[in-house]
Amino acid sequence: MMLRNSTNPDDLPGNNSDTGLGNVERVLVPILDVLILTLGVWGHTMVMVILCRRRRRGSRPTGQVPQHSLTGTGTDVLILALSAADLLLLSVLPFHTVAIALQNWPFGDVVCRLVGFLGSACASASSFTLATLAVSRYLTVVRPATAFTRLSPRRVSAVAAALWIPACCLAAPQLAFRFVGTPQRTRDGHACFSFLSHRDQLIYGLFHFLVAFLFPLVTIAVAYIRIYMFLWGSRRAGRMPQVERYQSKVTHTSAMLVLAFTLCWLPSYGMTLALVADKTSGATGSSPRYGAFTVFARLMATSSTVMNPILYVLMSQKFRQDFIRVFKKERKNGSAEVAMAAT
């Protein structure tokens with residue numbers, strides 16, 4: 001989505017040196033955005049409903065410890081936090097869609113600041129949550145005794161909420177310095193910019209890349225390498241009981257979430273670094289175009305908001321069962337309402 005930096009094509013909707021590509025963007029981007037917005041909101045709403053019902057079932061007194069009191073509950077809390085961040089990220093998508101379709105930023109200075117702040121904060125919170133999920137999986141698989149004492153639902157919830165503090169701090173410059181202006185070499189229209197100077201944009205772009213993308217990615221890589229080394233050693237030693245097999249499946253699903261997030265956001269961060277490294281870009285000039293790759297990078301970034309629910313359904317049998325159960329219940333309730341209305 002490239003919501004973090006103003007020098008990207010999304011933040012310069014009026015800046016288009018390639019008329020043909022601009023016309024394609026004005027038609028194609030709104031269609032794809034509506035599809036992504038619909039799938040994303042529906043998918044993450046279903047995820048949140050399923051996880052909330054799962055937690056409610058797990059908290060009922062049944063005379064025994066819930067099945068996921070050690071592993072599932074902490075993971076579910078972090079997945080719930082991921083869905084919440086993605087839903088907030090989707091909430092700013094229509095503003096960029098309209099700006100691209102109109103080739104103009106019509107929402108004013110306040111909305112420009114809020115959209116930039118919320119987009120940056122949500123993207124950072126997602127990467128921090130994925131890193132926390134990786135550390136949680138490491139403790140659960142490799143050090144279950146430590147996980148049992150430290151990964152209580154209340155503690156995990158507090159950590160998930162606290163992750164928004166550094167995310168909002170990283171996004172604070174967007175709220176403070178964004179403004180609406182008119183790009184150079186543009187016939188008309190306004191754009192939503194972040195910084196007055198190329199130097200400030202370069203410092204912020206690099207710092208955001210290191211803190212909100214590279215550092216979480218390194219943390220995730222180290223955690224999952226340690227996990228897979230432990231599982232590989234257990235398999236070779238012939239000690240893979242049922243619990244460890246379950247942990248292996250959950251770990252594979254979590255690793256796929258990280259891989260999907262990385263692949264979806266990598267083109268956008270690559271574009272950001274290319275733009276901030278170009279001295280012709282910035283708030284006082286027009287950013288360069290990279291042809292169809294611009295559209296591709298934006299599509300990949302926006303697609304990140306719909307990937308998680310798809311992966312849950314494809315990789316988790318338990319989630320598929322919960323999804324079918326919720327769908328059947330909603331269908332039954334709908335049929336009952338229709339029958340009552342008919343009578």
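Glycine too: its Cβ is placed from the backbone N, Cα and C atoms.
Any TrEMBL annotation is an automated prediction that lacks curation.
Taken from TrEMBL, the feature domain 'G-protein coupled receptors family 1 profile' covers 43-312. In the predicted model, the domain 'G-protein coupled receptors family 1 profile' (43-312) has a mean pLDDT of 80.
Beyond its flanks by at least six residues, the transmembrane segment (27-51) meets 76, 79-80, 83-84, 86-87, 90, 93-94, 96-97, 100-101, 295, 298-299, 302-303, 305-306, 308-310, 312, 319, 322-323, 326 of its own chain at Cβ-Cβ distances under 8 Å. TrEMBL lists 27-51 (among others) with the feature transmembrane segment.
Here TrEMBL flags 77-102 (among others) as transmembrane segment.
Under the heading transmembrane segment, TrEMBL lists 114-135 (among others).
Residues or ranges marked as transmembrane segment in TrEMBL: 156-177 (among others).
Annotated transmembrane segment per TrEMBL: 203-229 (among others), in sequence order.
Under the heading transmembrane segment, TrEMBL lists 250-270 (among others). Within the chain, the transmembrane segment (250-270) has long-range Cβ neighbours (under 8 A, six or more residues past its boundaries) at 1-2, 8, 71-72, 75, 82, 123, 126-127, 130, 133-134, 137, 141, 209, 213, 217, 220, 224, 227-228, 231, 293, 296-298, 300-301, 303-304, 307-308, 311-312, 315-316.
Per TrEMBL, transmembrane segment is recorded for 290-315 (among others).
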Are there residues at least 6 beyond the ends of the transmembrane segment (156-177) whose Cβ is under 8 Å from a Cβ of it, and what are they?
4, 73-74, 77-78, 80-81, 113-114, 116-122, 124-125, 128-129, 132, 136, 194-196, 200, 204, 207-208, 211-212
